[in-house]
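See structure below.
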Amino acid sequence: MMPFDIRVGQGYDVHALVPGRKLILGGVHIPHDRGLLGHSDADALLHAITDALFGAAGLGDIGRHFPDTDAQFAGADSRVLLREAARRVREAGYEIGNVDASVIAQQPKLAPHIPGMVANIADDLGLPATRCNVKAKTNEKLGFEGRQEGIVAQAAVLIWRGAIADAQD
């Protein structure tokens, strides 16, 4: 019998806000005069969660699996990347326990969009929404986030493998 193995992963991502791009966070299009600059759709929230999953499983990071130097990922939908990351984590023998994430942005206000983000993350990871949490924070007008030059996302995930008692959600 395999011993119980519980792990925590932490993810971080940041992208600059620029004109002429859509703002997508948690797979949700958010109306704004600027969007995030990046090789893919630049969804900082999903990138942070993806990085946390890979890190928890000891599988490296998002750049190792989906390099921004690879043309096949140009404009990629980060929800597709998140689903693939979850598949690889499960292929390594782990179950995903929960996700807790924060998005730091002065503007736009994200609270109205959080239920959609949570629904997308839960759907992509095959988890109940009760195990996915997204928080929106400002940086109190400090730093590049406060000056509305970019958006930061941070995420923590719990994964496990081995015998575990049935848990109730």
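Note: Cβ is positioned from N, Cα and C throughout, glycine not excepted.
Record features, source Swiss-Prot:
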BINDING   13-15, 39-40, 61-63, 66-70, PHE144, ARG147  4-CDP-2-C-methyl-D-erythritol 2-phosphate binding site
BINDING   ASP13, HIS15, HIS47  divalent metal cation binding site
SITE      HIS39  site 'Transition state stabilizer'
SITE      THR138  site 'Transition state stabilizer'
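Swiss-Prot feature annotations superimposed on the structure.
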residue: ASP13; record: 4-CDP-2-C-methyl-D-erythritol 2-phosphate binding site; Cβ within 10 Å: 25
residue: HIS15; record: 4-CDP-2-C-methyl-D-erythritol 2-phosphate binding site; Cβ within 10 Å: 21
residue: HIS39; record: site 'Transition state stabilizer'; Cβ within 10 Å: 15
residue: SER40; record: 4-CDP-2-C-methyl-D-erythritol 2-phosphate binding site; Cβ within 10 Å: 21
residue: ILE62; record: 4-CDP-2-C-methyl-D-erythritol 2-phosphate binding site; Cβ within 10 Å: 26
residue: PHE66; record: 4-CDP-2-C-methyl-D-erythritol 2-phosphate binding site; Cβ within 10 Å: 21
residue: ASP68; record: 4-CDP-2-C-methyl-D-erythritol 2-phosphate binding site; Cβ within 10 Å: 13
residue: ASP70; record: 4-CDP-2-C-methyl-D-erythritol 2-phosphate binding site; Cβ within 10 Å: 11
residue: THR138; record: site 'Transition state stabilizer'; Cβ within 10 Å: 14
residue: ARG147; record: 4-CDP-2-C-methyl-D-erythritol 2-phosphate binding site; Cβ within 10 Å: 12
Task = Could you list the residues of the same chain, at least six apart in sequence, whose Cβ is under 8 A from the Cβ of HIS47 (divalent metal cation binding site)?
result = GLY11, ASP13, SER40, ILE62, SER78, LEU81, ALA153
Query = From the Cα of THR138 (site 'Transition state stabilizer') across to the Cα of ASP70 (4-CDP-2-C-methyl-D-erythritol 2-phosphate binding site), what is the distance in angstrom?
reply = 33
Remark   = As a whole number of Å, the Cα atom of THR138 (site 'Transition state stabilizer') is distant from the Cα atom of ARG147 (4-CDP-2-C-methyl-D-erythritol 2-phosphate binding site) by 11
Task = Could you state the whole-number distance in Å separating the C-alpha atoms of HIS39 (site 'Transition state stabilizer') and PHE66 (4-CDP-2-C-methyl-D-erythritol 2-phosphate binding site)?
result = 10
Ask   = In the same chain, which residues outside the set ASP13, HIS15, HIS47 have their CB within 8 A of the centroid of the CB atoms that define the divalent metal cation site?
value = VAL14, LEU36, GLY38, ALA42, ASP43, ALA44, LEU45, LEU46, ALA48, ALA153
